[in-house]
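Trainee: This is the structure I want to talk about, given as structure tokens.
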Amino acid sequence: MELPQMPELMGLSLLVGLLALMATAAVARGWLRAEEERNSRPVRQKENTSKKSESKKQKQHQRIRKEKPQQHTFTHRLLAAALKSHSGNISCMDFSSNGKYLITCADDRTVRIWSTKDFLQREHRSMRANVELDHATLVRFSPDCRAFIVWLANGDTLRVFKMTKREDGGFTFTATAEDFPKKHKAPVINIAIADTGKFIMTASSDTMVLIWNLKGQVLSTINTNQMNNTHAAISPCSRFVASCGFTPDVKVWEVCFGKKGDFQEVVRAFELKGHAAGVHSFAFSNDSRRMVSVSKDGTWKLWDTDVEYKKQQDPYLLRTGRFEEASTMPCRLALSPDTHVLALASGTSIHLFNTRRGEKEECFEQVHGECITDLSFDITGRFLASCGDRAVRLFHNTPGHRAVVEEMQGLLKRASSDSTRQRLQQQLTQAQEALKSLGALKK
């Protein structure tokens, strides 16, 4: 028997060894790959989790941005404060007769009451009253500051809220059981309560003005015959109700009550005639002896209304000023308590005029992110308040201080007694110091 040759045996063993080595290397490579995958899996999971959380945060931020639009920013050297608590646009505001509070309403279904003593503080706290299943478009304090009325946007009616003071100094707000009955057929443009507390006025954009008692009964219906109403108001003395609109005049009626306080009638009193186009708005002075109006003819007019209208005496025109913006867009106005300053708002800007000289003294542009919806001086005349977006902005009334300086300087020249001169000099010094502190004293 022949044995195989040595070279052939060696070649066969080498081939078997090479195959075994290759198989071992393949197994080792597979094991290493499995280990790498096992180690990298937590990292991938971590990356996926962080990506998911980042996208979740981005979505949340986007949702917040959608829900809360960016607040309009405004700065000015005469800006005293900005009241920011509403989450919706503010449509109306009113100062209380005692000067302690400012009330505002917005489309966020809330009414807020602010303390005027906090105006110059860093923080501005407010008390909130909720308007259930609706929101208020107009709001007014009662004369005794124990209640307020609102006009409901969806309900198209008047609602009364009573204010009960708590031991901690706050208030509890309670809506009365029933709202006023629906009477208006067109959108309501203004509401008011007489300072005597005897009646309430509501006016709509057609030609209707209603006089109500406090129980929700209509005492009288006034047809203004002005094609449409743009504004209506009650005089601070509570004797008169006035309206303006498409026609170039302001019509004034007297609301008459008997000696026992019982309602009698509404009679035509007088008219402000002199404009060449429709009237946007008007206002009474605090003593009801002056009125101011602004018209589409591009002018504003100051009137002396302290007349005996029953003897056919007409109001006197005291001053006419130019305001070109009124000829192209709707305007709102406010008259300072002493009648020295007229504030006119058009769009998002406010213009302040000296009524003695008819000159423009200040202009605030782009005050709000939306068109200005209301404008009012506080009862002291120190501040002018405006609203239009989610904030109320308060301005120092520097034209008012300047008017006092001019008036006191004129009176000092004619003063005959030392006591009168001393009193006038004190008022002059106070006005000058106020202007100096605001950097508005003219040298």
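Placed from the backbone N, Cα and C atoms, the Cβ positions cover glycine too.
TrEMBL annotations: computationally assigned, not manually curated.
The shown structure was predicted, so the numbers you read here are calculated from the model rather than taken from an experiment.
According to TrEMBL, the feature signal peptide maps to 1-28. Taken from TrEMBL, the feature compositional bias 'Basic and acidic residues' applies to 35-57. Residues or ranges marked as region 'Disordered' by TrEMBL: 35-72. For 83-115, 181-215, 272-304, the entry in TrEMBL reads repeat 'WD'. Taken from TrEMBL, the feature coiled coil covers 414-441.
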Trainee: Which residues of the same chain, at least 6 past either end of the repeat 'WD' (181-215), have a Cβ under 8 Å from a Cβ in it?
Mentor: 97, 137-138, 140-144, 149, 151, 155-158, 221-234, 236-238, 241, 243, 245, 255, 257, 261, 263, 266
Trainee: Summarise the repeat 'WD' (181-215) by DSSP state, stating how many residues are helix, strand and coil.
Mentor: 0 helix, 16 strand, 19 coil
Trainee: List the helix, strand and coil residue totals of the repeat 'WD' (83-115) as derived from DSSP.
Mentor: 0 helix, 20 strand, 13 coil
Trainee: For the repeat 'WD' (272-304), jot down how many residues DSSP puts in helix, in strand and in coil.
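Mentor: Once the DSSP states are binned, the repeat 'WD' (272-304) shows 0 helix, 20 strand, 13 coil.
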